[in-house]
Amino acid sequence: MVTELGSFISFCITDFSLFGGADSLLEGRDGGVIGKEGIKAYSNRSPRRTFAANEGDETERNAYAYPAPPQDPKDFLWLMTEEPHRSRRMAIMKAHPEVTKLMGYTPVTKYLVLFVVCLQISIAIYLRHYSPFSPLFIFLAYAIGGTANHNLFLAIHEITHNLAFPGVAPNRLLAIFANLPIGIPYSAAFKGYHIEHHKFMGQDGIDTDLPTRFELICLNNVLGKVFFATFQIFFYALRPTFVRAQRLTRWHILNVIAQLVFDYVLVTRYGPKPLIYLLLSSFFAGSLHPCAGHFIAEHYLWDGMEQETYSYYGPLNLLAYNVGYHNEHHDFPSIPWTRLPALRQLAPEFYDTIPSHPSWPMVIVNFIRDKEVGIFARAKRLGKGRPLDVIKGVNGMVCSSQENGKAGNRSDENESLTVSEEESDKSE
């Protein structure tokens, strides 16, 4: 009774002219109760999952101080603003012109690639006498193989930006070499799709990192999220072929030939089990693996915010070419993985204010169990050339009634926006 009376008096004396039309100071925090140690908890919202560095450590953060109301789970978040990285890049270059000294390739990448490729081939050959169903085979494929092949995924990502050599051809060849233990050729195709992901981030039908309308309809529940998290490697491998066709180049052909020759020699010389180990390693690398949390952490929306990119600054970056520094990477894709921490240190006023993830493994757990995040939690923009049809607002932003999955099937749009392999190389 006393608490209710105090709340009523506080409501009566509050000057609501200072709050832009709000009728309550608890908007987005409905159902609040006082929990243990006097911390206010809210029964209808999950605790916050991301925090900025300037919010302090775990003892100082308020996990229930929500920055925004939850997103509508029935649709993606449609934005009319440009992607945030270009404007932040320009601001950082103006404030810190010395940032250009961080750009350029790093020689250490090729040596790490050589080591991991040799490690994977050695383990694969060693396991040729073991059953694929044996505990040792499965353990090594998950713990060592999954981590190693995930490392190679991200090595190819780094090489895609021409950051292993100063020339284009050596980077292309190194990516094909790094692709060998993965078992399936993809490095050449990845380059085209990934450069488009940077250039047209969030554009529906162009950025193939975005889930489709079909995925939203079928997987927007707990079981669907478990399925997606378990088999996400297949979504990232197959989705681009349905969304956006890619022009075949000599590098695609060389990638396929090199992979087929490698697989053939491995199987004919040592039997099928080494190849099974490599393929199983690739599956684990993109499944329920601690490092695989970065796939979801990077661009899914969290805590109701419209923030499109999240970083992670934890120890798993040591195994993943610092891909956790993802805001930094998108701001400056020409800065190699070895210098991304230096970029953050150079411009803390830009990066310490951006919420980031404290853990990759917990990203997977929270993605599955948290009702405020799911397949719907991605920001999209209309692909260029598509008509605008405004029908409603979500969190104050603009939505479109256009069918999401159709954009990638428009031949005229594909033709006008296709980024050729040569253009991709020059852009880096």
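Just so it is clear, glycine is given a Cβ too, placed from its N, Cα and C backbone atoms.
Keep in mind that this is a model prediction, so the values were computed, not measured.
Listed in TrEMBL:
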DOMAIN    71-109  domain 'Sphingolipid delta4-desaturase N-terminal'
REGION    401-428  region 'Disordered'
TRANSMEM  111-127  transmembrane segment
TRANSMEM  133-152  transmembrane segment
TRANSMEM  173-194  transmembrane segment
TRANSMEM  214-238  transmembrane segment
TRANSMEM  250-270  transmembrane segment
TRANSMEM  276-297  transmembrane segment
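By number of Cβ pairs under 8 Å, the transmembrane segment (250-270) is matched best by 173-194 from the list 111-127, 133-152, 173-194, 276-297. Tertiary proximity for the transmembrane segment (173-194) is limited to same-chain residues at least six positions away from its ends with a CB under 8 Å from its CB atoms, namely 109-110, 113, 116-117, 120-121, 124, 148-149, 152-153, 155-157, 159-160, 164-165, 208-209, 237, 240, 244, 246-247, 249, 251-252, 254-256, 258-260, 262-263, 275, 278-279, 281-282, 419, 421, 424. Per-class residue totals from DSSP over the domain 'Sphingolipid delta4-desaturase N-terminal' (71-109), listed helix then strand then coil: 20 helix, 2 strand, 17 coil. Cβ atoms under 8 Å from those of the domain 'Sphingolipid delta4-desaturase N-terminal' (71-109) belong to residues 155, 158-159, 162-166, 174, 201-202, 210-211, 216, 220, 301, 304, 306, 308-309, 321, 327, 330-332, 334-339, 342-343, 346-347, 349-350, 371-372, 374, 376-382, 394-395, 397-400, 404 of the same chain, restricted to positions at least 6 beyond its ends.
The average pLDDT for the domain 'Sphingolipid delta4-desaturase N-terminal' (71-109) in the predicted structure is 95.
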